[in-house]
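The block underneath contains the structure these notes are about, expressed in C-alpha coordinates.
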Amino acid sequence: MASITISVVIEALLLVAICASSVVGNTLLFIAFLRRKKLRTISNGYLLNLAFADLLVSVLNMPVTVVTTIEQKWIFGETACNFLGFTTMLSFVSSVMSLAMIAINRYYYVVRWKTYRSIFTPRNSVLFGATVWFISSAISMPPLFGWADYRYIPGKSYCFVFWPSDVYYMYFMLTICFFGPLTVMSVSYFHILKFTRRARQRVEQHKEERLPPLANLETGQENGRKRKRFAMSPEEVKITNTLLIVDICFMICWAPFAITMFIDLYYPKPLPRAIDIGTLLLGYANSMCNPLVYGTRNQAFRKELRSIYIDLVSACCGQGVVTSPEETRNGTSAGQEVDSELSNVYSRRV
(Lines of atoms letter the chains of each structure in order from A and count residues from 1; the text may use other names and numbers.)
(Lines give C-alpha, C1' and ligand atoms only; values in the text may rest on other atoms or scores of the structure.)
Protein backbone atom coordinates (compact mmCIF):
# COMPACT_ATOMS: atom_id res chain seq x y z
CA MET A 1 0.00 0.00 0.00
CA ALA A 2 1.26 3.50 -0.88
CA SER A 3 2.05 5.95 1.86
CA ILE A 4 -1.08 7.72 3.05
CA THR A 5 -0.81 11.49 3.32
CA ILE A 6 -3.22 14.04 4.79
CA SER A 7 -4.43 14.99 1.31
CA VAL A 8 -5.19 11.34 0.51
CA VAL A 9 -7.18 10.99 3.73
CA ILE A 10 -9.17 14.14 2.96
CA GLU A 11 -9.89 12.99 -0.59
CA ALA A 12 -11.00 9.56 0.59
CA LEU A 13 -13.23 10.99 3.32
CA LEU A 14 -14.88 13.39 0.89
CA LEU A 15 -15.50 10.56 -1.56
CA VAL A 16 -17.01 8.38 1.17
CA ALA A 17 -19.25 11.23 2.35
CA ILE A 18 -20.46 11.96 -1.19
CA CYS A 19 -21.00 8.26 -1.90
CA ALA A 20 -22.96 7.64 1.31
CA SER A 21 -25.10 10.77 0.85
CA SER A 22 -25.85 9.88 -2.75
CA VAL A 23 -26.80 6.27 -2.00
CA VAL A 24 -29.05 7.22 0.93
CA GLY A 25 -30.67 10.20 -0.79
CA ASN A 26 -31.41 8.52 -4.11
CA THR A 27 -32.60 5.33 -2.42
CA LEU A 28 -35.04 7.36 -0.34
CA LEU A 29 -36.17 9.08 -3.53
CA PHE A 30 -37.02 5.69 -5.04
CA ILE A 31 -38.74 4.46 -1.89
CA ALA A 32 -40.84 7.62 -1.57
CA PHE A 33 -42.03 7.48 -5.16
CA LEU A 34 -42.72 3.75 -5.07
CA ARG A 35 -44.68 3.96 -1.81
CA ARG A 36 -47.12 6.65 -3.00
CA LYS A 37 -49.02 6.17 -6.22
CA LYS A 38 -49.74 9.87 -6.59
CA LEU A 39 -46.03 10.61 -6.69
CA ARG A 40 -45.62 8.41 -9.77
CA THR A 41 -46.09 11.23 -12.24
CA ILE A 42 -44.41 11.43 -15.63
CA SER A 43 -42.05 14.21 -14.55
CA ASN A 44 -41.08 12.22 -11.47
CA GLY A 45 -40.40 9.24 -13.73
CA TYR A 46 -37.61 11.19 -15.40
CA LEU A 47 -36.34 12.19 -11.96
CA LEU A 48 -36.13 8.48 -11.14
CA ASN A 49 -34.07 8.06 -14.30
CA LEU A 50 -31.66 10.60 -12.83
CA ALA A 51 -31.72 8.87 -9.45
CA PHE A 52 -30.90 5.51 -11.03
CA ALA A 53 -27.98 7.01 -12.95
CA ASP A 54 -26.70 8.58 -9.73
CA LEU A 55 -27.05 5.27 -7.88
CA LEU A 56 -25.16 3.52 -10.67
CA VAL A 57 -22.09 5.70 -10.27
CA SER A 58 -22.43 5.82 -6.46
CA VAL A 59 -22.59 2.07 -5.98
CA LEU A 60 -20.12 0.98 -8.67
CA ASN A 61 -17.66 3.78 -9.32
CA MET A 62 -17.26 5.85 -6.17
CA PRO A 63 -16.18 2.96 -3.89
CA VAL A 64 -13.54 1.94 -6.44
CA THR A 65 -12.33 5.54 -6.64
CA VAL A 66 -11.91 5.52 -2.85
CA VAL A 67 -9.70 2.42 -3.10
CA THR A 68 -7.60 3.76 -5.97
CA THR A 69 -7.21 7.10 -4.15
CA ILE A 70 -5.76 5.26 -1.16
CA GLU A 71 -3.65 2.86 -3.23
CA GLN A 72 -2.65 5.64 -5.65
CA LYS A 73 -2.77 3.16 -8.55
CA TRP A 74 -5.18 0.88 -10.43
CA ILE A 75 -5.31 -2.62 -8.94
CA PHE A 76 -8.44 -4.11 -10.53
CA GLY A 77 -7.26 -5.10 -14.00
CA GLU A 78 -8.01 -3.90 -17.54
CA THR A 79 -11.46 -5.52 -17.82
CA ALA A 80 -12.70 -3.80 -14.67
CA CYS A 81 -11.24 -0.51 -15.92
CA ASN A 82 -13.17 -0.78 -19.19
CA PHE A 83 -16.37 -1.72 -17.38
CA LEU A 84 -16.17 1.10 -14.82
CA GLY A 85 -15.15 3.61 -17.46
CA PHE A 86 -18.21 2.58 -19.44
CA THR A 87 -20.57 2.85 -16.45
CA THR A 88 -19.20 6.30 -15.57
CA MET A 89 -19.79 7.51 -19.12
CA LEU A 90 -23.21 5.82 -19.20
CA SER A 91 -24.25 7.54 -15.99
CA PHE A 92 -23.09 10.93 -17.23
CA VAL A 93 -24.76 10.65 -20.64
CA SER A 94 -28.04 9.26 -19.29
CA SER A 95 -28.18 12.07 -16.71
CA VAL A 96 -27.77 14.74 -19.40
CA MET A 97 -30.33 13.08 -21.64
CA SER A 98 -32.79 12.74 -18.75
CA LEU A 99 -32.40 16.44 -17.93
CA ALA A 100 -33.13 17.29 -21.55
CA MET A 101 -36.25 15.08 -21.44
CA ILE A 102 -37.37 16.81 -18.24
CA ALA A 103 -37.01 20.18 -19.97
CA ILE A 104 -39.00 18.98 -23.00
CA ASN A 105 -41.65 17.50 -20.69
CA ARG A 106 -42.00 20.78 -18.83
CA TYR A 107 -42.16 22.70 -22.11
CA TYR A 108 -45.10 20.63 -23.34
CA TYR A 109 -46.78 20.67 -19.93
CA VAL A 110 -46.66 24.46 -19.71
CA VAL A 111 -46.50 25.86 -23.23
CA ARG A 112 -47.94 23.15 -25.50
CA TRP A 113 -50.38 21.95 -22.88
CA LYS A 114 -53.13 21.00 -25.35
CA THR A 115 -50.95 18.24 -26.84
CA TYR A 116 -49.24 17.23 -23.59
CA ARG A 117 -51.55 14.34 -22.69
CA SER A 118 -51.46 12.88 -26.20
CA ILE A 119 -47.64 12.92 -26.37
CA PHE A 120 -46.63 12.10 -22.79
CA THR A 121 -48.87 9.12 -22.25
CA PRO A 122 -47.65 6.52 -19.72
CA ARG A 123 -46.66 4.20 -22.57
CA ASN A 124 -44.81 6.89 -24.51
CA SER A 125 -43.07 8.10 -21.37
CA VAL A 126 -41.70 4.61 -20.72
CA LEU A 127 -40.50 4.47 -24.32
CA PHE A 128 -38.85 7.88 -23.96
CA GLY A 129 -37.08 6.72 -20.80
CA ALA A 130 -35.91 3.50 -22.47
CA THR A 131 -34.70 5.50 -25.47
CA VAL A 132 -32.59 7.66 -23.16
CA TRP A 133 -30.78 4.59 -21.84
CA PHE A 134 -30.44 3.00 -25.29
CA ILE A 135 -28.87 6.14 -26.77
CA SER A 136 -26.67 6.61 -23.71
CA SER A 137 -25.40 3.03 -23.98
CA ALA A 138 -24.71 3.38 -27.70
CA ILE A 139 -22.78 6.61 -27.19
CA SER A 140 -20.71 5.13 -24.35
CA MET A 141 -19.68 1.97 -26.21
CA PRO A 142 -17.25 3.23 -28.92
CA PRO A 143 -14.18 3.24 -26.60
CA LEU A 144 -14.79 -0.47 -26.01
CA PHE A 145 -14.40 -1.09 -29.75
CA GLY A 146 -11.44 1.11 -30.64
CA TRP A 147 -12.82 4.63 -31.05
CA ALA A 148 -10.80 6.20 -28.19
CA ASP A 149 -10.30 3.98 -25.15
CA TYR A 150 -11.02 3.72 -21.47
CA ARG A 151 -7.97 3.76 -19.25
CA TYR A 152 -6.88 4.67 -15.73
CA ILE A 153 -6.47 8.43 -15.21
CA PRO A 154 -3.96 8.88 -12.33
CA GLY A 155 -4.89 12.50 -11.67
CA LYS A 156 -8.51 11.56 -11.03
CA SER A 157 -7.92 8.06 -9.58
CA TYR A 158 -10.52 6.44 -11.81
CA CYS A 159 -11.03 4.91 -15.25
CA PHE A 160 -12.53 7.05 -17.95
CA VAL A 161 -12.03 7.98 -21.60
CA PHE A 162 -8.45 8.97 -22.38
CA TRP A 163 -9.31 11.94 -24.56
CA PRO A 164 -5.92 12.35 -26.31
CA SER A 165 -6.38 8.87 -27.79
CA ASP A 166 -9.01 10.27 -30.19
CA VAL A 167 -9.85 13.97 -30.29
CA TYR A 168 -12.84 13.41 -32.59
CA TYR A 169 -14.59 11.26 -30.01
CA MET A 170 -14.21 14.06 -27.47
CA TYR A 171 -15.76 16.60 -29.85
CA PHE A 172 -18.52 14.11 -30.62
CA MET A 173 -19.26 13.62 -26.91
CA LEU A 174 -19.23 17.33 -26.14
CA THR A 175 -21.61 18.05 -29.03
CA ILE A 176 -24.05 15.20 -28.42
CA CYS A 177 -23.86 14.93 -24.64
CA PHE A 178 -23.20 18.46 -23.42
CA PHE A 179 -23.87 21.31 -25.83
CA GLY A 180 -26.78 19.54 -27.56
CA PRO A 181 -28.79 18.84 -24.38
CA LEU A 182 -27.76 22.23 -22.97
CA THR A 183 -29.28 23.90 -26.02
CA VAL A 184 -32.48 21.87 -25.65
CA MET A 185 -32.75 22.80 -21.98
CA SER A 186 -32.01 26.49 -22.60
CA VAL A 187 -34.57 26.80 -25.40
CA SER A 188 -37.23 24.89 -23.46
CA TYR A 189 -36.90 26.91 -20.27
CA PHE A 190 -36.65 30.16 -22.25
CA HIS A 191 -40.07 29.47 -23.79
CA ILE A 192 -41.45 28.39 -20.41
CA LEU A 193 -40.32 31.62 -18.77
CA LYS A 194 -41.63 33.61 -21.73
CA PHE A 195 -45.01 31.91 -21.45
CA THR A 196 -45.28 32.44 -17.70
CA ARG A 197 -44.36 36.10 -18.06
CA ARG A 198 -47.08 36.61 -20.66
CA ALA A 199 -49.58 34.71 -18.51
CA ARG A 200 -48.71 36.97 -15.57
CA GLN A 201 -49.24 40.03 -17.74
CA ARG A 202 -52.65 38.74 -18.79
CA VAL A 203 -53.57 38.20 -15.16
CA GLU A 204 -52.65 41.82 -14.45
CA GLN A 205 -54.73 43.02 -17.40
CA HIS A 206 -57.77 41.13 -16.12
CA LYS A 207 -57.54 42.39 -12.56
CA GLU A 208 -59.81 45.29 -13.35
CA GLU A 209 -62.46 42.78 -14.36
CA ARG A 210 -62.16 41.30 -10.84
CA LEU A 211 -61.21 37.83 -12.08
CA PRO A 212 -59.76 35.33 -9.61
CA PRO A 213 -55.95 35.25 -9.14
CA LEU A 214 -55.59 32.42 -11.68
CA ALA A 215 -57.08 34.15 -14.69
CA ASN A 216 -59.19 32.24 -17.21
CA LEU A 217 -57.62 32.51 -20.66
CA GLU A 218 -59.78 31.54 -23.64
CA THR A 219 -58.07 28.93 -25.79
CA GLY A 220 -60.57 27.95 -28.46
CA GLN A 221 -63.42 25.57 -29.20
CA GLU A 222 -63.77 21.86 -28.51
CA ASN A 223 -66.97 19.88 -29.01
CA GLY A 224 -68.91 23.10 -29.61
CA ARG A 225 -67.97 24.72 -26.34
CA LYS A 226 -65.19 27.02 -25.21
CA ARG A 227 -62.32 25.67 -23.19
CA LYS A 228 -60.45 27.64 -20.59
CA ARG A 229 -56.76 27.48 -19.74
CA PHE A 230 -55.74 28.87 -16.39
CA ALA A 231 -52.42 30.60 -15.85
CA MET A 232 -49.88 28.49 -14.01
CA SER A 233 -50.62 27.99 -10.35
CA PRO A 234 -47.95 28.75 -7.73
CA GLU A 235 -47.49 25.00 -7.25
CA GLU A 236 -46.82 24.47 -10.95
CA VAL A 237 -44.39 27.37 -11.02
CA LYS A 238 -42.53 25.91 -8.04
CA ILE A 239 -42.32 22.45 -9.63
CA THR A 240 -40.96 23.93 -12.87
CA ASN A 241 -38.46 26.07 -10.96
CA THR A 242 -37.35 23.03 -8.96
CA LEU A 243 -36.61 21.08 -12.12
CA LEU A 244 -34.76 24.09 -13.51
CA ILE A 245 -32.62 24.17 -10.36
CA VAL A 246 -31.83 20.47 -10.88
CA ASP A 247 -30.59 21.31 -14.39
CA ILE A 248 -28.51 24.24 -13.17
CA CYS A 249 -26.92 22.14 -10.42
CA PHE A 250 -25.90 19.54 -12.99
CA MET A 251 -24.27 22.14 -15.22
CA ILE A 252 -22.44 23.78 -12.32
CA CYS A 253 -21.13 20.45 -11.06
CA TRP A 254 -20.00 19.02 -14.40
CA ALA A 255 -18.91 22.12 -16.35
CA PRO A 256 -15.46 22.27 -14.64
CA PHE A 257 -14.96 18.60 -15.48
CA ALA A 258 -15.77 19.29 -19.15
CA ILE A 259 -13.30 22.18 -19.16
CA THR A 260 -10.51 19.93 -17.90
CA MET A 261 -11.21 17.66 -20.89
CA PHE A 262 -10.02 20.43 -23.19
CA ILE A 263 -7.10 21.28 -20.95
CA ASP A 264 -5.96 17.65 -20.79
CA LEU A 265 -6.05 17.49 -24.57
CA TYR A 266 -4.12 20.66 -25.38
CA TYR A 267 -2.05 21.33 -22.27
CA PRO A 268 1.14 19.27 -22.45
CA LYS A 269 1.67 18.89 -18.71
CA PRO A 270 -0.69 17.11 -16.28
CA LEU A 271 -2.95 19.36 -14.26
CA PRO A 272 -2.28 19.68 -10.52
CA ARG A 273 -3.83 16.86 -8.52
CA ALA A 274 -6.01 19.33 -6.61
CA ILE A 275 -7.69 20.50 -9.81
CA ASP A 276 -8.11 17.02 -11.26
CA ILE A 277 -9.59 15.43 -8.16
CA GLY A 278 -11.52 18.60 -7.29
CA THR A 279 -13.43 18.61 -10.58
CA LEU A 280 -14.17 14.91 -10.15
CA LEU A 281 -15.44 15.41 -6.60
CA LEU A 282 -17.64 18.27 -7.80
CA GLY A 283 -19.07 16.07 -10.56
CA TYR A 284 -19.66 13.22 -8.14
CA ALA A 285 -21.34 15.65 -5.73
CA ASN A 286 -24.09 16.19 -8.28
CA SER A 287 -25.29 12.67 -7.44
CA MET A 288 -26.39 13.86 -4.00
CA CYS A 289 -27.78 17.22 -5.17
CA ASN A 290 -31.03 16.02 -6.71
CA PRO A 291 -32.47 14.44 -3.52
CA LEU A 292 -31.44 17.56 -1.57
CA VAL A 293 -33.08 19.93 -4.05
CA TYR A 294 -36.22 17.85 -4.34
CA GLY A 295 -36.40 17.23 -0.61
CA THR A 296 -36.09 20.88 0.32
CA ARG A 297 -38.53 22.21 -2.28
CA ASN A 298 -41.17 19.48 -2.53
CA GLN A 299 -43.55 19.34 0.42
CA ALA A 300 -45.07 16.02 -0.63
CA PHE A 301 -41.66 14.37 -0.74
CA ARG A 302 -40.80 15.76 2.71
CA LYS A 303 -44.04 14.34 4.10
CA GLU A 304 -43.28 10.96 2.59
CA LEU A 305 -39.78 11.03 4.09
CA ARG A 306 -41.38 11.69 7.46
CA SER A 307 -43.67 8.72 6.89
CA ILE A 308 -40.70 6.51 5.99
CA TYR A 309 -38.86 7.65 9.11
CA ILE A 310 -41.89 6.87 11.31
CA ASP A 311 -42.21 3.42 9.75
CA LEU A 312 -38.51 2.69 10.31
CA VAL A 313 -38.68 3.81 13.93
CA SER A 314 -41.84 1.77 14.47
CA ALA A 315 -40.24 -1.30 12.93
CA CYS A 316 -37.08 -0.93 15.03
CA CYS A 317 -38.99 -0.28 18.25
CA GLY A 318 -41.72 -2.81 17.61
CA GLN A 319 -44.47 -0.20 17.83
CA GLY A 320 -47.33 0.72 15.57
CA VAL A 321 -47.24 3.64 13.19
CA VAL A 322 -47.33 6.92 15.06
CA THR A 323 -49.65 9.66 13.86
CA SER A 324 -49.98 13.18 15.10
CA PRO A 325 -53.05 14.22 17.13
CA GLU A 326 -54.11 16.53 14.32
CA GLU A 327 -54.03 13.67 11.82
CA THR A 328 -56.05 11.50 14.19
CA ARG A 329 -58.72 14.18 14.66
CA ASN A 330 -59.05 14.84 10.95
CA GLY A 331 -58.90 11.17 10.05
CA THR A 332 -56.25 12.01 7.48
CA SER A 333 -52.87 10.36 7.20
CA ALA A 334 -49.75 12.05 5.88
CA GLY A 335 -49.94 9.85 2.80
CA GLN A 336 -53.54 10.94 2.08
CA GLU A 337 -52.47 14.57 2.34
CA VAL A 338 -49.68 13.89 -0.12
CA ASP A 339 -52.06 12.20 -2.55
CA SER A 340 -54.56 15.06 -2.34
CA GLU A 341 -51.93 17.74 -2.77
CA LEU A 342 -50.20 16.09 -5.74
CA SER A 343 -53.55 15.37 -7.35
CA ASN A 344 -54.40 19.06 -7.22
CA VAL A 345 -51.03 20.10 -8.62
CA TYR A 346 -50.85 17.69 -11.53
CA SER A 347 -54.49 17.61 -12.64
CA ARG A 348 -55.07 19.47 -15.89
CA ARG A 349 -57.42 22.36 -15.29
CA VAL A 350 -59.78 22.66 -18.21
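Any Cβ shown, glycine's included, is placed from N, Cα and C.
What TrEMBL annotates here:
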TRANSMEM  12-34  transmembrane segment
DOMAIN    25-294  domain 'G-protein coupled receptors family 1 profile'
TRANSMEM  46-70  transmembrane segment
TRANSMEM  82-104  transmembrane segment
TRANSMEM  125-148  transmembrane segment
TRANSMEM  168-192  transmembrane segment
TRANSMEM  242-263  transmembrane segment
TRANSMEM  275-294  transmembrane segment
REGION    325-350  region 'Disordered'
COMPBIAS  330-350  compositional bias 'Polar residues'
_Distal contacts, the transmembrane segment (82-104) - CB-CB under 8 A, six or more residues away_ = 43, 46-47, 49-50, 53-54, 56-57, 60-61, 64, 76, 128-129, 132-133, 135-137, 139-141, 143-144, 150-151, 158-161, 177-178, 180-181, 184-185, 188-189, 243, 246-247, 250, 254, 283, 286
*Looking only at the domain 'G-protein coupled receptors family 1 profile' (25-294), what is the mean pLDDT?*
84
_Cβ contacts under 8 Å made by the transmembrane segment (125-148) with residues that lie 6+ beyond its boundaries_ = 42, 45-46, 49, 82, 85-86, 89-90, 93-94, 97-98, 101, 161-163, 165-166, 169-170, 173, 176-177
*So which residues does the transmembrane segment (275-294) touch in its own chain, when a touch means Cβ under 8 Å and the partner is 6 or more beyond its ends?*
11, 14-15, 18-19, 21-22, 25-26, 28-29, 47, 50-51, 54-55, 57-58, 62, 65, 69, 92, 95, 153, 155-158, 242, 245-246, 249-250, 253-254, 256-257, 259-260, 301
